[in-house]
Amino acid sequence: MWRWVRQQLGFDPPHQSDTRTIYIANRFPQYGHYTPQKFIDNRIISSKYTVWNFVPKNLFEQFRRVANFYFLIIFLVQLMIDTPTSPVTSGLPLFFVITVTAIKQGYEDWLRHISDNEVNGAPVYVVRSGGLVTTRSKNIRVGDIVRVAKNEIFPADLVLLSSDRLDGSCHVTTASLDGETNLKTHVAVPETAVLQTVANLDTLIAVVECQQPEADLYRFMGRMTITQQMEEIVRPLGPESLLLRGARLKNTKEIFGVAVYTGMETKMALNYKSKSQKRSAVEKSMNTFLIIYLIILISEAIISTILKYTWQAEEKWDEPWYNQKTEHQRNSSKILKFISDFLAFLVLYNFIIPISLYVTVELQKFLGSFFIGWDLDLYHEESDEKAQVNTSDLNEELGQVEYVFTDKTGTLTENEMQFRECSINGTKYQEINGRLVSEGPTPDSSEGNLSYLTSLSHVNNLSHLAAGSSFRTSPENGTELIKEHDLFFKAVSLCHTVQISSVQTDSIGDGPWQSSFAPAQLEYYASSPDEKALVEAAARFGVVFVGNSGEIMEVKTLGKLERYKLLHILEFDPDRRRMSVIVQAPSGEKLLFVKGAESSVLPECIGGEIEKTKIHVDEFALKGLRTLCMAYRQFTSKEYEEINRRLFEARTALQQREEKLAGVFQFIEKDLILLGATAVEDKLQDKVRETIEALRMAGIKVWVLTGDKHETAVSVSLSCGHFHRTMNILELLNQKSDSECAEKLGQLARRIREDHVIQHGLVVDGTSLSLALREHEKLFMDVCRHCSAVMCCRMAPLQKAKVIRLIKISPEKPITLAIGDGANDVSMIQEAHVGIGIMGKEGRQAARNSDYAIARFKFLSKLLFVHGHFYYIRIATLVQYFFYKNVCFITPQFLYQFYCLFSQQTLYDSVYLTLYNICFTSLPILIYSLLEQHIDPHVLQNKPTLYRDISKNRQLSMKTFLYWTTLGFSHAFIFFFGSYFLIGKDTSLLGNGQMFGNWTFGTLVFTVMVITVTAKMALETHFWTWINHLVTWGSILFYFVFSLFYGGILWPFLSSQNMYFVFIQLLSSGSAWFAIILMVFTCLFLDIVKKVFDRQFHPTNIEKAQMYSNTVAFSDEFIALQPLSRARNQLSKLRWKKIRVQSAQHMNLLKASTEGRTVGTC
């Protein structure tokens, strides 16, 4: 425990050297004085606070705010010197603000702790003391041997020791790390692969030496030294031996591995960006405005102090007969007296800085965030997930987004590849209901004598094929199948690295080219999602890959089992962009099957329907499908002997192995016969294209950042509408040096300038991006800014975060949003101004570390265009209104000093000073900031261009700020001088002949002010509910009732009774009532005239939409803002005039016959 505490405080660094030595099972050497290295435990920490640092860290963050720090200083000043107001007037609101904010932030961090504890407390199996024991994930130590079963997630970074397979291999998916759902194969060293039981592993004596932790997911270097029979065997370790935390074990019953990196040192954790305090643009504007008001405050205090001493320069005013100085006051230092008076005026005017603004903003953000979770439109019924808010501090930032950075796999797509079409021997087919249908007319057409497959009569029949095939010619020609189709689907079934977990083949391949194959019978796992989809498609058409045993690959063709011997695999690499297999057919022929991108396969072909296939591939690409070409070559015995010899020499070479292999591969993969092409669709999530288009219309630039391959990413970008067909696609790929990268960037910049009329899209890979960001940031950013869409592929997690940071610090300083679903997206989610996690199939790391979590990408449009728009308008009005009403509050106090010889006499009673912001004027603006809907939500979502009107913080611009400030000063002058002219001539306004006094004058000003600022809030409200009516008119009523109660009783605990009977006397005067009505009308009349004039002659887009929305019937958007349970109850109670049922589970409520809008009850 003490060691853990020291590590948390930074006093006990866990390691010092450049490498780490790990004794497997922590069997340390018994000889000598060996001191084992210290490593951290396996805890994952995503929270920001601990029990020890919550108070100091939270207080530090809160007092970074200008208003909080300012009021702390004012409170201390009130404690130290004699001031006109009590320290309670500043200390109590400050304490309330700090406490409420701390509780809110503490609660949010407590939720993160719960999430962390769930991960850290997960049960795991560890080999200790010769047995398998159960412990918690957080208790795993470096050196422990951990057992992981099928479909479980690795709890730490493990070096694979053994699996249930004899060769020590296993398959994993790293979807939560790099976004790829394909299987990756990992292997153990031969000496440990045979240790498949706990008893055998207990005899293992071995040491692992490896590099210290680093963030690169694809880099690992180390070695294992195994001691067997007093002999040491050294084996190298690479990435293929390392199982990363967050990855999932697939297609393997169980594995054993030794933990080498734990906790926050795992590669997954190192790719998390450290959590930092995010601050919204609105909060930054608030701080700017507060500084301006602080300058106004200091200026007023200085002016008042100077005028006081100027006035007191005359002896009669320096020491009047009714206010004689004491001896101490006469002898005190004039400088100290000047400073004391300045501080006293500072305290007197300090309410111009609205401390209650912050607590109201905190409440608005916290309470307002529940509306996102209550929104039924953001609820995904299939997964039973509703939207989550992890950080409510950024609600209004949702309305300011200028860049969206999105992951691809699992965010834009469903991670489900589906076979759609293919081209075989120059004829194009598509799959319809499990059958391949050609482009020609179908049997259902008027030309009923034509077949599903047309133009096939020129091909030889295969007599061994059954007659029930869906590949059949017209009845006149009988049933025939062609050799090219047979060969094509055999190539698909053999040229891959697919694995099978179970085999049930009794009912597979019963009919030619259409079988009763059910996906549940064979569970395929592939190193590429395309391979899985293609092998499954071939199985549906009668050529079923049923597994491999050693070097034998078994394929069931139309019910007949065939065995092919796998001779060589020519692995895929990004330079060749293809893979190949060399197999020996049952007849003894040596065949090469090649599969790859059309740009790498077609140039090597010398036969087949090359031109027709090329046209078909282009057509597939236009549909956004992922394409691959299939080809083959038959070797003679002499050719194969030469190929086999060359491959052996290249693979055993110690120098330049990669270059030699590339040369041999090129020698083999030539003179090919083209078989055809496949088209696979990576199924997009629902409404992705519409969402991206809406984001574009809203003026938001969309970047796709993915770890996937270039071809795959571009294909999905085209299919989802990120790239348009009319775009000029620019590429920055495979750059090898800084100079080459700079030259390429210059070429791209020139092309953009030359073709400035058309839209451009940019594709860049991770390697080229690293070079561009190293030396050519400015040029790279210049190219990106002129591109309508940017797609970055082969991105490491930290590279994603660096790209976002580069955009954030650009001269425009745009607001960024990052959205993703895997652990590989956590860094960019935390780097962006707003981070959104998708609750998808890749785990919950992104959702846990995000600011907001949603179930589908399509929900992003409503989150931004409706919720973001509402939150921003609400809080922008809240901020401006707070400054306005505080200017109205304090300016009469400043003006009053001119009439009281700057004696620091307060115009208002101290109780009114304290309660003005807390009680009398707080609720109307709070309710407005929670419920206001200035435009129908349906209009906002269907007109994304309205989002542009609030971008770049327009509602908090300096122009708007000055308008509200000027309005506050003008209203304050009307309050003060209107009241002054009413009673300034010693007019008797009471029935008994008495005149108004000082406190009556101040109360009259205060009464007009409370009514006016509340009525001003009513003018700003567009969406009225019973709650708005209650708090608006209730606040005015409460002020009158409280004043009557407060001034009608002699309170024994008060030191002074200045307000006794004052308010009652004020209300007994008809002239006072007339003055109140006249001043309130005068203040608001000009404001009303301005609004009407602007709306009629210079309406903004939002005002036009408001007029339009008034004609639109209420939709279920309003109900969606209520809690789920209340919304459902509300639906059952309302009387709907028209209901249109769209599906069994979804009803679109068109129009309610009730009078009030249902959101009024939320």
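Cβ coordinates come from backbone N, Cα and C, glycine included.
Positions annotated as active site, 4-aspartylphosphate intermediate by TrEMBL: Asp407. Taken from TrEMBL, the feature ATP binding site covers Asp407, Lys408, Thr409, Glu531, Phe572, Lys595, Arg626, Thr706, Gly707, Asp708, Arg794, Lys800, Asn824, Asp825. Summarising the annotation, TrEMBL assigns Mg(2+) binding site to Asp407, Thr409, Asp821, Asp825. If you look up TrEMBL, you'll see 35-90 marked as domain 'P-type ATPase N-terminal'. What TrEMBL records for 123-186 is domain 'P-type ATPase A'. Annotation source TrEMBL lists domain 'P-type ATPase C-terminal' at 847-1100. Residues annotated as transmembrane segment in TrEMBL: 66-81, 288-311, 342-361, 863-884, 961-983, 995-1018, 1030-1054, 1060-1086.
Taking each of the binding-site residues Arg626, Arg794 in turn and counting other Cβ atoms within 10 Å of its Cβ gives the largest count for Arg626. Here the Cα atom of Gly707 (ATP binding site) is found 10 Å from that of Asp825 (Mg(2+) binding site). In this structure, the binding-site residues under consideration are Thr409, Asn824, and the one with the smallest number of other Cβ atoms within 10 Å of its Cβ is Thr409. Take the recorded positions Asp407, Phe572, Gly707, Asp821, Asp825: by the count of other Cβ atoms within 10 Å of each Cβ, the lowest one is Phe572. Tallying C-beta pairs under 8 angstroms between the transmembrane segment (961-983) and each of 288-311, 342-361, 863-884, 1060-1086 places 1060-1086 first. Annotated pair the residue listed as 'active site, 4-aspartylphosphate intermediate' and Asn824 (ATP binding site), C-alpha to C-alpha distance, rounded: 9 Å.
Looking only at the domain 'P-type ATPase A' (123-186), the predicted model's pLDDT averages out at 85. For Asp825 (Mg(2+) binding site), the nearest neighbour among the binding-site residues Thr409, Phe572, Arg626, Arg794, judged by Cα separation, is Thr409. Counting residue by residue with DSSP, the domain 'P-type ATPase N-terminal' (35-90) contains 27 helix, 0 strand, 29 coil.
Taking only the Cα positions, the spacing between Asp821 (Mg(2+) binding site) and Phe572 (ATP binding site) is 27 angstrom. With a cut-off of 8 Å on Cβ pairs spaced 6 or more residues apart, the transmembrane segment (66-81) and the transmembrane segment (863-884) reach fewer than 3 such pairs and are scored as not touching. Tertiary proximity for the transmembrane segment (863-884) is limited to same-chain residues at least six positions away from its ends with a CB under 8 Å from its CB atoms, namely 282, 285-286, 289, 293, 354, 356-357, 360-361, 364-365, 368, 371-372, 375, 378, 387, 395-401, 694-695, 698, 700, 817, 836, 852, 854, 925, 928-930, 932-935, 937, 940-941, 944, 946-947, 950, 955-956, 960-961, 964-965, 967-968, 1013, 1016-1017, 1020, 1117. Away from its own ends, the transmembrane segment (288-311) comes close to residues 66-67, 70, 317, 338, 341-342, 345-346, 349-350, 352-353, 879, 883, 886, 894, 897-898, 901-903, 961 of its chain (Cβ-Cβ under 8 Å, at least six residues beyond either end). Taking DSSP states H, G and I as helix and E and B as strand, the domain 'P-type ATPase A' (123-186) has 7 helix, 38 strand, 19 coil. Packing against the transmembrane segment (342-361) from elsewhere in the chain are residues 65, 67-68, 70-71, 74, 77-78, 81-85, 90, 93-94, 96-97, 100-101, 286, 290, 293-294, 296-298, 300-302, 304-305, 875, 878-879, 882-883, 885-887, 889-890, 893-894, 902, 904, 906, 913, 916-918, 922, 925-926, 929: each is 6 or more residues past its ends and has a CB under 8 Å from a CB in it.
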